[in-house]
Amino acid sequence: MKIRIGHGFDVHKFGADRPLILCGIEVPYETGLIAHSDGDVVLHAISDAILGAMALGDIGKHFPDTDAAYEGADSRVLLRHCFKLAREHGFAIGNLDVTIIAQAPKMLPHIEAMRAVLADDLQTELNNINVKATTTEKLGFTGRKEGIAVEAVVLMENVK
């Protein structure tokens with residue numbers, strides 16, 4: 001098969017006494033996200049999308065939250081591992097589209113830095129990476145500022 005599509009979704013709750021890390025960068029906010037790893041909800045959704053495109057399960061299978069080895073893990077390392085698996089199967093990023101769903105903090109000032117990190121980690125051109133943010137107009141848990149949700153869709157192209 002020449003192309004594959006993967007979809008990833010993740011949610012994390014606010015409340016951790018640590019920095020808010022999204023796409024590997026620190027985003028100023030009053031609290032971080034609760035998680036076994038560093039809580040980078042964006043990279044978790046992208047990792048799941050890549051694994052899904054390759055029919056390799058999900059990040060819970062590869063990096064279980066019951067394994068102390070992944071406690072506080074840098075999600076960029078996890079993402080790079082997932083991408084390496086895709087490369088081993090002969091695939092590269094065609095394009096990636098990410099939607100961050102959060103009432104706060106505002107994402108716009110950080111979007112270009114996020115795109116640059118992703119392009120670097122996924123060894124692709126910046127114009128293959130899109131990151132956007134939206135709110136739920138104060139509805140639901142994201143609207144009440146209880147957490148952040150992320151959806152990611154990736155098109156993987158066979159390059160062998």
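Backbone N, Cα and C atoms are what each Cβ position is placed from, and that goes for glycine too.
Cβ contacts within 10 Å of HIS44 (divalent metal cation binding site), excluding its own Cβ and spanning all protein chains shown: 28. Under the three-state DSSP scheme, HIS44 (divalent metal cation binding site) falls in the helix class. The divalent metal cation binding site feature in Swiss-Prot is assigned to ASP10, HIS12, HIS44.
For THR135 (site 'Transition state stabilizer'), the number of other Cβ atoms no farther than 10 Å from its own Cβ, over all displayed protein chains, is 15. Annotated 4-CDP-2-C-methyl-D-erythritol 2-phosphate binding site per Swiss-Prot: 10-12, 36-37, 58-60, 63-67, 102-108, 134-137, PHE141, ARG144, in sequence order, evidence recorded as sequence analysis.
Applying an 8 A CB threshold to same-chain residues 6+ apart, the list for HIS36 (site 'Transition state stabilizer') reads ASP65, TYR70, GLU71, GLY72, ALA73. What Swiss-Prot lists as site 'Transition state stabilizer' is HIS36 (among others).
DSSP gives THR135 (site 'Transition state stabilizer') a coil state; it is part of no helix or strand. If you look up Swiss-Prot, you'll see THR135 (among others) marked as site 'Transition state stabilizer'.
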For the C-alpha pair, I'd like the distance in angstrom between THR134 (4-CDP-2-C-methyl-D-erythritol 2-phosphate binding site) and ASP10 (divalent metal cation binding site), rounded off. 15
PRO105 (4-CDP-2-C-methyl-D-erythritol 2-phosphate binding site) - helix vs strand vs coil (DSSP): coil
With an 8 Å cut-off on Cβ-Cβ distance and a minimum sequence separation of at least 6, pull the same-chain contacts of PHE63 (4-CDP-2-C-methyl-D-erythritol 2-phosphate binding site), or say none. SER37, TYR70, ALA73, LEU78
